[in-house]
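Remarks on the structure that follows.
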């Protein structure tokens, strides 16, 4: 997606260890007009998909997911990274974060991820795919069906996308980063 | 706001200790169409206000804030509850949560909360007002100006709204809960 690629090249910041920071327009400050355009692009790419629920993980996935849900007029569920004290009837899974070198629990209520749900998962980044694997686990536990996964930015060199596509999952990434070597951002054409 | 009040009465759940759960349409599953309608209502209520930035706190504030930012075509900054390892140039404040009986750090980058910014703060709940006080502190530290605070739901019996209005802050709450006594939801007309 042209507008996103241009924005990454303009405002993205590259750090040692394959880290791309997009705090200027996605992860801390957000550009809502770009967010809506990205949501429109997801709607286009998943146009032939029968979806009844959008799912994401807090916190950076919420903005793109709510925009997709708004355009499709579908409920949006965000999985939580901490088990809320007042929440019962939970599905949980563990996700290992390479960036933070620790595992965290991700949970969602069975009240909102249900048997028969046709789930489009939306998130900001696809890197190693560990969060995505956690989502696959939650969707399976719920007896729901994962009909697609959409990411704003995929880091191809961390191969989570390869894994997901090998599983036959319909994956769409709006910008694919080929490499961040020598802190130079190379985006797939 | 009529649609929100009706939804709270229909889908809100009341628990001992003044807890109102709206997991069905705000805090876990979100209704994006209602979220847009609530954002429109904020735009109306802050129509005479000169705003250049929308601010919120992760995670439940992000959805209403991004909708307000989208309608106003303004950047949205979400303060973070954990200091990111890769983030420098931070402003921080401590917020005490009555619900969880612990304090947590809230932080925002000086890159995105700047001197001269005219900030509209948007959040899901106003209860004791501790998070709001943290935001006031962050905005002051940044040398920015807080031009308004909008909340989806205010719990009047926890008096955070009284405090904020006494400070002369323009506060707008789309639904004001008078009481949750005996687990009965009483909403101000």
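Here the Cβ of each residue, glycine as well, is placed from N, Cα and C on the backbone.
Automated prediction, rather than curation, is the source of TrEMBL annotations.
Sequence annotations record features per position, and here TrEMBL assigns xanthine binding site to B:20, B:27, B:155. Same-chain residues at least 6 positions away in sequence with a Cβ under 8 Å from that of residue B:20 (xanthine binding site) are, in sequence order, B:8, B:12, B:13, B:14, B:153, B:155, B:177, B:180, B:185. Residue B:20 (xanthine binding site) carries a strand DSSP state (E or B).
The 5-phospho-alpha-D-ribose 1-diphosphate binding site annotation in TrEMBL covers B:127, B:128, B:129, B:130, B:131. Sequence-distant neighbours of residue B:131 (5-phospho-alpha-D-ribose 1-diphosphate binding site) (same chain, six or more apart, CB under 8 Å from its CB) are B:57, B:95, B:97, B:106, B:123, listed in sequence order.
Secondary structure counts, DSSP: the domain 'Phosphoribosyltransferase' (B:50-156) has 25 helix, 46 strand, 36 coil. What TrEMBL records for B:50-156 is domain 'Phosphoribosyltransferase'.
Apart from B:20, B:27, B:155, the xanthine site neighbourhood in this chain, defined by C-beta within 8 angstroms of the site C-beta centre, holds B:12, B:19, B:21, B:22, B:124, B:125, B:127, B:153, B:177. The 5-phospho-alpha-D-ribose 1-diphosphate site is defined by B:127, B:128, B:129, B:130, B:131, and by the 8 Å test on Cβ atoms against their centroid, the other residues of the chain that qualify are B:95, B:98, B:126, B:132, B:133, B:158, B:160. Residue density at residue B:128 (5-phospho-alpha-D-ribose 1-diphosphate binding site): 18 other Cβ atoms are found within 10 A of its Cβ, drawing on all protein chains shown.
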